[in-house]
Amino acid sequence: MKLSHLLTSAVSVLSLGLTVEGHFSRSRNDAVGPKRPFKPLPYSHPRKKVCHVRSHGDGRDDSAFILSALKSCNNGGKVVFAEEKEYTIGTALDLTFLKHVDLEILGRIQFTNDTDYWQANSFKHTFQNATTFFQLGGEDVNVYGGGTLDGNGQIWYDLYAEDPLILRPILFGVIGLHGGTIGPLKLRYSPQWYQLVANSSDVLFDGIDISGYSKSENEAKNTDGWDTYRSKNIVIQNSVINNGDDCVSFKPNSTEILVQNLYCNGSHGISVGSLGQYIGEVDIVKNVLVYNISMYNASDMARIKVWPGVASAMSEDLQGGGGLGSVSNITYEDMYIENVDWAIEITQCYGQKNMTLCNEYPSNLTISDVYISNMYGTTSSARDPNIGTIVCSSPDVCSNIYVENIDVVSPSGTNDFICTNVNESLLQVNCTSG
């Protein structure tokens, strides 16, 4: 059986939602597969106490009930959100004090649509103006149950269309968590990114079901599935993502990241970056393995995006360029694509439309030891006759980029690549320009 058939079969199970049922296994390492984490994940000890979260059930803020239950069952307990109940959160919750506690979410949690409150009180992070409804952190924390977190995103999609400088909260903020499991869970209608994983380590995401599109003419933008930032030894697996931006994005200083067994639809691919955005900052992404991915109706599959060495403006609320750093030991292996604009995109001119200026100011960030292999499927007509682009801003900042066994064609049957400032002898593709 061809790899594409294997991937499609695996994805059909995911798309039915079967992976979001079940319960948490305390042996995190046994749950990871088929590829193993870069380092063993820590063991989670049994819980000895149970706390049930109360709910008003009428849309009033349940944050006080949630906080009370978490404090009562912290250090060795389990907090249960009942299946038949709906919970409302209207207060920014700092949950970084958690230790040795489980959150079993069986019901539905919805965040209020008070945009003025959330812009003023959500948790602010310096990178790319990120904000979160809440921040969950601490040590040995597990969140599971198959229930739903709803970000009430529609009001934010419409508001962002009017004002691109508003601060839209991220639905699920994992901030400073060391040892934990997230999933199975359903995440719906995030105002911005669905999950930010920052300053964290040894965390497994397993069985996450992401979906939520705009119901108006205003698109749901920047709805990344995951963004890892200043984090290490993170595993993301067995999940279904229907969104409108990166399926997974490895932001600055993400190391030892394993991503496997994902179905991504409507996304911008699985991306390293963007990196090099801030002058004076050193961005490092290394030791990343992406394995067994099905990508549909997307702009990219395998993507590395680096800002040039000169100030650039991607949009009014996203500007940068001139930062330092490196990308190294990145592997993409076994991928199936349908209707994807670029099978592979590597650029060091992210955000800069003036290519002459970009070439005059090459990126300060190097890319080395990249391995992309075993990709099957078809691209969209958007870039036909090209199916990929590997463009470095200077031959001095890219080395050891290997591409092999790419069985992908455009709608017209071509398989051309744009190749610039890269060692073409390491690329088993049809480079037609450079």
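Even glycines carry a Cβ here, placed using N, Cα and C.
Features as listed in Swiss-Prot:
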- HIS268: active site (ACT_SITE)
- CYS247-CYS264: disulfide bond (DISULFID)
- CYS392-CYS398: disulfide bond (DISULFID)
- ASN113: N-linked glycosylation site (CARBOHYD)
- ASN129: N-linked glycosylation site (CARBOHYD)
- ASN199: N-linked glycosylation site (CARBOHYD)
- ASN253: N-linked glycosylation site (CARBOHYD)
- ASN265: N-linked glycosylation site (CARBOHYD)
- ASN292: N-linked glycosylation site (CARBOHYD)
- ASN297: N-linked glycosylation site (CARBOHYD)
- ASN329: N-linked glycosylation site (CARBOHYD)
- ASN354: N-linked glycosylation site (CARBOHYD)
- ASN364: N-linked glycosylation site (CARBOHYD)
- ASN423: N-linked glycosylation site (CARBOHYD)
- ASN430: N-linked glycosylation site (CARBOHYD)
- 327-348: repeat 'PbH1 3' (REPEAT)
- 1-22: signal peptide (SIGNAL)
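Here the features listed in Swiss-Prot are painted onto the structure.
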residue : record                      : CB count, 10 Å
ASN113  : N-linked glycosylation site : 16
ASN199  : N-linked glycosylation site : 17
CYS247  : disulfide bond              : 31
ASN265  : N-linked glycosylation site : 20
HIS268  : active site                 : 23
ASN354  : N-linked glycosylation site : 12
ASN364  : N-linked glycosylation site : 22
CYS392  : disulfide bond              : 25
CYS398  : disulfide bond              : 26
ASN423  : N-linked glycosylation site : 14
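For the repeat 'PbH1 3' (327-348), the predicted model reports an average pLDDT of 98.
Figure note: comparing Cβ neighbours within 10 Å for the glycosylation sites ASN253, ASN430, the maximum is reached by ASN253. Around the Cβ of ASN329 (N-linked glycosylation site), the same chain contributes LYS286, ASN287, VAL288, ASP369, each under 8 angstroms and 6 or more positions distant in sequence. For HIS268 (active site) paired with CYS247 (disulfide bond), the C-alpha to C-alpha distance reads 6 Å. For ASN297 (N-linked glycosylation site), applying a Cβ distance below 8 Å and a minimum sequence separation of six or more within one chain yields ASN265, GLY266, GLU338, ASN339, VAL340. Closest to CYS264 (disulfide bond) in space, going by CA atoms and restricting to the glycosylation sites ASN113, ASN253, ASN292, is ASN292.
If you measure from the Cα atom of ASN199 (N-linked glycosylation site) to that of ASN364 (N-linked glycosylation site), you get 24 Å. In the three-state DSSP reading, CYS398 (disulfide bond) counts as strand.
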